[in-house]
Amino acid sequence: MHTIALDSDGKVWTFGCNDEGALGRPTSGEKDEGTPRTVALPSKAVAIAAGDSHSAALLDNGDVYAWGAFRDSHGSMGLVVRGREGKACKEPVKVDIGETGVGIASGGDHLVILSSSGAVYTMGCGEQGQLGRLSQRSASRDARQGFSALLAPMKVTLKGGARRVWAGYHATVALDANNDKLFAWGLNNYGQLGITGEKRKTAIYAPTECDAFTAIQTGWSEVACGQHHSLALDSAGQVYAIGRCEYGRLGLGDRAGDAETPEPVPKLQSKKCISIATGTSNSFAVADSGEVFSWGMGSEGQLGTGSSSDAAEPTPAPTAPAGAVPIAVAAGGQHTVLLLEDPSAQKEDSPAPEQETSEQKAEELTEEDEEEKAEPEVEKKKPRGRGKKQQQEDEVSSTSAGPPASTPASAPQKVNGDEKKDTAMEVDETDKPQEKKEEMNTEETEPEKVEQDVEMKEASKPETTDTSSQDTDSDTKSQETEPSDEQPNETADNTELNGETVESSSKAEQLIPTPNPLTTTA
């Protein structure tokens with residue numbers, strides 16, 4: 001029962017229950033636990049994930065850090081291996097996969113890492129097959145390899161690799177890098193993974209194609225898995241539900257039977273949704289209109305409708321404050337968190353273009369005054385026309401167009417690789433004035449002649465306007481989405497988001513979207 005959030009500066013904030021170090025920071029009591037505070041990380045974070053008693057962050061250099069502990073049917077498993085036992089970590093520790101990470105996802109008690117090569121790594125509890133790399137006999141702490149096979153991140157055999165990963169309470173889902181099909185492994189006791197026919201089993205211990213989703217013949221942009229049900233968002237913004245229907249978690253209305261194949265949620269078919277989430281037994285969706293819908297179990301008020309009753313169909317949830325736009329939702333077992341964007345705040349943070357232009361003009365006038373005071377001999381060595389002032393205009397023109405387009409980090413987009421360095425365009429060498437070797441008469445160097453030349457040059461100089469301030473908003477947005485390559489600060493409270501993510505040309509990073517900057521757990 002904790003929440004983790006990622007701000008635009010790359011800082012990670014946590015609050016809620018701190019059992020076994022899930023917050024990643026020391027706390028002195030319930031009041032301290034309930035106050036959002038930052039987690040100390042080596043550099044800026046670009047993606048976050050949370051499970052029941054653990055949390056994780058993907059940093060801008062591709063490293064993954066985790067803290068807290070995993071649990072299985074015997075209790076706490078710890079997070080890392082110490083000797084032959086597992087040990088919880090109350091502060092972030094590095095999870096080494098031997099290559100660059102580009103995406104992360106957390107189930108209830110397992111962690112999934114996507115690498116730049118498209119490889120999928122898992123660690124944590126594997127009792128329901130959610131690790132995808134161990135047999136039923138080997139997925140227990142009592143097996144021969146014990147904790148070392150569970151708590152050390154190891155690669156899942158997935159032909160062709162993956163470009164997206166998601167994790168449910170007891171399951172993992174991956175989007176194949178080659179054919180965009182969904183593959184899943186883990187608990188499937190209500191058919192919630194969309195694996196049917198002869199391959200359907202209570203627990204799936206190896207990656208298996210989700211044939212029920214493949215049959216729909218659409219592109220999938222997001223998947224969310226609850227305890228016994230799943231939601232999927234297609235590329236057109238339509239929401240599908242599958243699995244157990246109890247408490248109305250599927251949003252298909254009052255019905256007696258479960259959904260064995262993905263079915264469109266009727267009340268959302270006229271909407272274009274941009275975000276989905278699932279709690280243990282409830283579901284949520286955010287539409288591009290800014291509407292938020294919730295359905296399923298509401299006994300703890302987690303539907304946000306002002307009622308503790310269950311809802312069998314999507315129900316509009318009121319949002320506040322007025323004018324704020326919902327952009328993402330995250331759900332735990334007993335609580336829900338909604339991320340809002342305040343347009344007025346962004347407008348206040350953006351500097352006024354007119355003011356910046358005026359300041360730039362003042363600087364240019366000062367430079368012109370200094371040129372007028374230069375010795376006359378300088379003038380006879382340069383041809384009239386393009387001088388220092390004109391070179392400055394060329395540099396302004398080359399940088400005011402904003403940063404070059406970057407490849408989404410995840411995605412990805414909001415976890416979220418594929419960034420390119422944001423460098424200003426250089427002035428072409430052919431634009432620089434060339435020195436001319438000319439024979440000059442000594443009479444032309446007389447003071448009267450030089451002063452006349454200076455006056456004519458000043459009269460011919462065009463006035464310039466610096467337009468670089470017009471790109472302030474786009475530069476600011478670029479900084480908020482691009483992590484830094486600069487030397488990281490030691491604490492997360494003193495970071496700036498002005499760099500880039502780790503570069504890669506792999507398939508895994510081509511469709512990774514900007515990760516959800518908010519996640520919560522039971």
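The backbone N, Cα and C atoms fix where each Cβ goes, glycine too.
Here the domain 'RCC1-like' (1-338) returns a mean pLDDT of 95 for the predicted model. What TrEMBL records for 1-338 is domain 'RCC1-like'.
Residues annotated as repeat 'RCC1' in TrEMBL: 10-61 (among others).
According to TrEMBL, the feature repeat 'RCC1' maps to 62-117 (among others).
Summarising the annotation, TrEMBL assigns repeat 'RCC1' to 118-178 (among others).
In terms of DSSP helix, strand and coil, the repeat 'RCC1' (180-236) has 7 helix, 25 strand, 25 coil. Residues or ranges marked as repeat 'RCC1' by TrEMBL: 180-236 (among others).
The repeat 'RCC1' annotation in TrEMBL covers 237-289 (among others).
Residues or ranges marked as repeat 'RCC1' in TrEMBL: 290-342 (among others). Counting residue by residue with DSSP, the repeat 'RCC1' (290-342) contains 0 helix, 24 strand, 29 coil.
If you look up TrEMBL, you'll see 297-323 (among others) marked as region 'Disordered'.
The region 'Disordered' annotation in TrEMBL covers 344-522 (among others).
The compositional bias 'Low complexity' feature in TrEMBL is assigned to 397-412.
Annotation comment: TrEMBL describes 416-440 (among others) as compositional bias 'Basic and acidic residues'.
If you look up TrEMBL, you'll see 447-464 (among others) marked as compositional bias 'Basic and acidic residues'.
Taken from TrEMBL, the feature compositional bias 'Polar residues' covers 489-508.
Broken down with DSSP, the repeat 'RCC1' (118-178) shows 5 helix, 20 strand, 36 coil.
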